[in-house]
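Quick look at what Swiss-Prot annotates:
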type     : residues                       : note
ACT_SITE : Tyr125                         : active site
BINDING  : Asp88, Glu118, His121          : Fe cation 1 binding site
BINDING  : Glu118, Glu185, Glu219, His222 : Fe cation 2 binding site
Amino acid sequence: MEQLQKRKIYDTTASNASTGILNGKSSNVLNWDDVRFSWAYPLYKNMLANFWTPFEINMSHDAKQFPTLTETEQEAFKKIIGLLAFLDSVQTDYSMRAAEYLTDSSLAALMSVLSFQEVVHNQSYSYVLSSLVPKATQDEIFEYWKHDDVLKERNEFIIDGYEKFVDNPTPKTFLESIVYDVILEGLNFYSGFAFFYNLARNQKMVSTSTMINYINRDEQLHVYLFTNIFKELLVEFPELNTEETKTFVKTTLMKAADLEKDWFRYIIGDKIPGINPEDMETYISFIANKRAVQLGMEKPYPEIKHNPMKWIRAYEDVNSGKSDFFEQKSRQYAKVSADNGFDEL
C-alpha cells in the first residue's frame, strides 16, 4: 500500500479546502469558512469552549481528606493516576505524529488543540499529586508504568498499535492506529474514571473528581474527532472498508476490553465499596460497544444492551446543564490565589 506523505508547509497550487485527509492536496492555509468537513468547525468551537486549567481547582479540601482514605483507596488512587499520566503522555506524542500526515488543515488544527489538551491533562495529574503526596511519592507514581506487569501489558497493547503506524505510515496503519486511539481515550480511562466518580458520590476527593470530569469531557470530543476521521477515511479509501477491517476493529476492541477488565480486577476488584465487580466488567463491555458504534462498526458484545452502572451517567453527562453534581459552588471555578489553594489549609 502507498506510503503516507507528510503535509507540506504550504502549496500555492492547491486550494484551501483539502482534496483528501491523507496524501491529499491543500494550500495548508486554514480558512474556517472554506473547509471540506462541515463538522470540523463546530467541533473546534466545542473544544475551545471546554478550556480549563488545573490551577482553577482548589485542592485544599482533598489534601485534608486524602490521609483519611483507606489504604486500599489510597493505593488505587495513586496507581490509577499513574496510569492516566502515562496514557496522556503517550497520547500527546501520538496525536502530534498523526497530525503530520493530515493533509487537511482543519483536521490538523483540531489535532493541535487535542494535543494541547492532552498536555493540560497530564499536568493536572502532577497538580493533584503535588497537592496530596511528597515529591518522592509523586516520582514513584510516575514510574509505575515501567515496573507494574499488569499495567505494562495493558500499555504495550496500545503502544504496539501506535508503533506499527509510526514505523510504517500507510493509510491502513493510520486507520488501525485510530482504533487504538479510540481505545486509549474512550475505553482505557473509564474504569479509572469510575473509581474517582465513586469517591465523589461518597463525598470523597471531590476536587480531584471534578478535574477528572473535565478530562472526561475533553476525551469525549477527542473520540468524536478520531471516529469521524476513521469513517471519512473509509469513504476516501474504499479498499479499506472490508471485512478484514471490521474483524480487526471487533477483535481489537475485545482484546482491549479484556485487558481493561484484568486491570480493574487487579487494581479495584471487590475492594472498593460502591463498585460492583460484575457491573464494572459489564460496563467496560458496554463502553466497548459504544466505541464500535461510533466507529460505524458492529458491537463486539451485542448481548450487552444497557449500562449497568446507571449512577455513573450523571458524572459522565458533561452537557446536562445541571448544577454541579459534586456540590461545589459551580463548574466555573474562581482562580485560586496560591498554588493548589494551600492558603486555605
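Our numbering is plain: 1 for the first residue shown, then up by one each step along the chain.
Cβ atoms are placed via backbone N, Cα and C, with glycine included.
Annotated features taken from Swiss-Prot, shown on the structure.
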{"residue": "Asp88", "record": "Fe cation 1 binding site", "Cβ within 10 Å": "23"}
{"residue": "Glu118", "record": "Fe cation 1 binding site", "Cβ within 10 Å": "25"}
{"residue": "His121", "record": "Fe cation 1 binding site", "Cβ within 10 Å": "25"}
{"residue": "Tyr125", "record": "active site", "Cβ within 10 Å": "26"}
{"residue": "Glu185", "record": "Fe cation 2 binding site", "Cβ within 10 Å": "26"}
{"residue": "Glu219", "record": "Fe cation 2 binding site", "Cβ within 10 Å": "24"}
{"residue": "His222", "record": "Fe cation 2 binding site", "Cβ within 10 Å": "25"}
Inter-residue Cα distance where the pair is Glu219 (Fe cation 2 binding site) and His121 (Fe cation 1 binding site), in Å: 10
Nearest-integer angstrom distance between the alpha carbons (Cα) of Glu185 (Fe cation 2 binding site) and Tyr125 (active site): 16
C-alpha spacing of the residue listed as 'active site' relative to Asp88 (Fe cation 1 binding site), in angstrom: 10
His222 (Fe cation 2 binding site) to Glu118 (Fe cation 1 binding site) - Cα separation in whole Å: 10
